[in-house]
Amino acid sequence: MESRQDITNQEELWKMKPRKNLEDDYLNEDSRENSMPKRPMLVHLHQTAHFDEFDCPPELQHKQELFPKWHLPIKIAAIVSSLTFLYTLLREVIHPFVTSHQQYFYKIPILVINKVLPMVSITLLALVYLPGVIAAIVQLHNGTKYKKFPHWLDRWMVTRKQFGLLSFFFAVLHAVYSLSYPMRRSYRYKLLNWAYQQVQQNKEDAWIEHDVWRMEIYVSLGIVTLAILALLAVTSIPSVSDSLTWREFHYIQSTLGIVSLLLGTIHALIFAWNKWVDIKQFIWYTPPTFMIAVFLPTVVLICKVILLLPCLRRKILKIRHGWEDVTKINKTEMSSQL
């Protein structure tokens, strides 16, 4: 969802223009650089892209790709979801069945799935901002912004919006599944069992202070994170993004996006609370899901902090405004000649 328009040469002229005009400027600049009649072709594509099935010829319908920018994000989401589901199933269901013959298969529809959803959501959100970090490192290494990114990185950056929308989708599902917990019959039976055990132990109060604080904090952070993700999703709608200036759009998608990733990571860390040092959490010598979930977001956040250091930040901004490191460019040219 993060915009790549901040690496162009005319950034200072575009800050107060609507995003639709920015896209037109990009098209005009491409036409000037390549001296090719791209505008008629783009107009033709624009005219055919929005026809319905009654207006568009059948042969043209078959030639058009179906959601081309969604292929990579959906594949990644499917892979992460499948691996997380199998991993959680092994720990939550298979392990107790093998070791103590306890049948917890009823956990699969809600509890297991609800451990998969936040893992996929925060991973996809980290994948939105990881290519920006890699792009900054590549530009620092090359000393210029005019050298093309690798094809895989360029494709990744183009699909960041789709990664972000999928992250929001899984976050909404996670919230809905969490709200359904009290409606489950198994939860009601467990609640009765807990009350009976409290009576048997002659406990008048089952209040656990630190556990109450843990839940209050991580639920609050989860709500705020979901609200920010909703804002990011709304601003990615073309009709909304076209009404924003470049600076407004960049602030929402970049700054608030990183804030949502930070809050989501803290949400997962507080959910874990003191489970990090609990040996019982390491079933079959495997770490719990939340440990794996926060790894990639933590790496992205640390890299973002490092790139915000003044010595690196100033150089990145200079490169993105057109400055070139002559020493690195000369070394690259010499190595290419050899």
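Glycine is treated like the rest: Cβ placed from N, Cα and C.
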Note: Swiss-Prot has GLN139, SER236, GLN253 binding FAD, and from ARG160, ARG214 that site also includes ARG160
For the binding-site residues listed (SER236, GLN253), most other Cβ atoms within 10 Å of the Cβ sits at GLN253
Near the transmembrane segment (290-310) in space but 6 or more residues beyond its ends, with Cβ under 8 Å, are 87, 118-119, 122-123, 125-127, 129-130, 133, 136-137, 258, 261-262, 264-265, 268-269, 271-272, 275-276, 316
Excluding its own, the Cβ atoms lying within 10 Å of the Cβ of HIS267 (heme b binding site) add up to 23
One finds that other Cβ atoms within 10 Å of the Cβ of ARG160 (FAD binding site) number exactly 24
If you count the other CB atoms within 10 A of the CB of HIS174 (heme b binding site), including all protein chains displayed, you should get 22
